[in-house]
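Visitor: I grabbed these lines from TrEMBL:
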- 44-64: transmembrane segment (TRANSMEM)
- 55-297: domain 'G-protein coupled receptors family 1 profile' (DOMAIN)
- 118-139: transmembrane segment (TRANSMEM)
- 160-180: transmembrane segment (TRANSMEM)
- 186-213: transmembrane segment (TRANSMEM)
- 234-258: transmembrane segment (TRANSMEM)
- 278-299: transmembrane segment (TRANSMEM)
Amino acid sequence: MPVLGPQRQLLSPLNSTSPATPRLGLATNQTGPQCLEVSVPEGLFLSLGLVSLVENVLVVAAIIKNRNLHSPMYYFICCLAVSDLLVSVSNVLETAVMLLLEAGALAPRAAVVQQLDVIDVLICSSMVSSLCFLGAIAVDRYISIFYALRYHSLVTLPRAWRAIAAIWVASILTSTLFIAYYNHTAVLLCLVSFFVAMLVLMAVLYVHMLARACQHARGIARLHKRQRSTQQGFGLKGAATLTILLGPFFLCWGPFFLHLSLIVLCPQHPTCGCIFKNFKLFLTLIICNAIVDPLIYAFRSQELRKTLQEV
């Protein structure tokens, strides 16, 4: 893999603020085809981070405040909110530091570079933990549907806390390794494989759950001798629910991991170089996912919305 130029002293492996050099140290091919580069204004990037921060802080505050929400399912949602919050804060913080460096308001000292490395670890660990908690929420819901009678004996608070601790520890360790060995192909492949595994896990679990729900709805429709159009309505509703659950996940996270895949497959190809130029857009999509997650997993709860009104 090509290494970074002199700007490597300031631009960390996950830095997206340099429009000329894609993140992860790749240089674009200037002699290649004309590229479509989507420019993301710094103000928009920072504003999206602020919106995500407010949303996820509200979710965490509501779950902490309401004792009725002190259950494994809501603890997973709370940890997802914390992860999304860290994704937004760390990216906004790194962007702010880079803007200060470019403006000359902050001296490019070794201490600043070390702080950027710490921020990069925080960015990567929060991304990994966010994906893990999305998978944990899917598993929790699957158990609550298919093992409803045994749910409270299977998903206990001690087990939930152990799972949460394991996710955070694993996220910090893997992100540290990624930042230290980001120029190794095996590390990138592991990250891409992790994303694919989470996508497949969530797709299989949610499809199975919605198939069971549609089967149950068809049984109720036959029992009440309803028309076929009613059964089709249940199917369309199930498809819409599946799209809401998996669509934002794939659209927001997919481009980022496509970028990592192309680094391994075609780091020097001009077409891939065009994609590398839009890495800041990919990071913006991840922050958009941090905005969407509370709408999908938290704000749909009537109990949580009631607590938010009090907050």
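Glycine is treated like the rest: Cβ placed from N, Cα and C.
Set these features in their place in the structure for me.
Guide: The list of residues near the transmembrane segment (44-64) in space but at least 6 beyond its ends in sequence, with Cβ under 8 angstroms from a Cβ of it, reads 70, 74-75, 77-78, 81-82, 84-85, 87-89, 91-92, 95-96, 280, 284, 287-288, 290-291, 293-294, 298-299, 304, 307-308, 311.
Long-range contacts of the transmembrane segment (118-139) within the same chain, counting only residues at least 6 positions beyond its ends with a Cβ under 8 Å from a Cβ of the stretch, are 12-15, 73, 76-77, 79-80, 83-84, 86-87, 90-91, 93-94, 97, 163, 167-168, 170-172, 174-176, 178-179, 194-195, 198, 201-202, 205-206, 249, 253, 286, 289-290, 293, 297.
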Visitor: Determine which residues of the chain contact the transmembrane segment (160-180) at the Cβ level, with the cut-off under 8 Å and only residues 6 or more beyond its ends counted.
Guide: 12-14, 72, 75-76, 79, 117, 120-129, 132-133, 136, 187, 190-191
Visitor: Would you mind listing the long-range same-chain contacts of the transmembrane segment (278-299), meaning Cβ under 8 Å and 6+ residues beyond its ends?
Guide: 16-17, 19, 22-24, 36-38, 40, 44-45, 48-49, 51-52, 55-56, 58-59, 62, 77, 80-81, 84-85, 87-88, 91, 127, 130, 134, 137, 244-245, 248-249, 251-253, 255-256, 258-259, 305, 308
Visitor: Do you know the mean pLDDT across the domain 'G-protein coupled receptors family 1 profile' (55-297)?
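Guide: The predicted confidence over the domain 'G-protein coupled receptors family 1 profile' (55-297), as a mean pLDDT, is 84.
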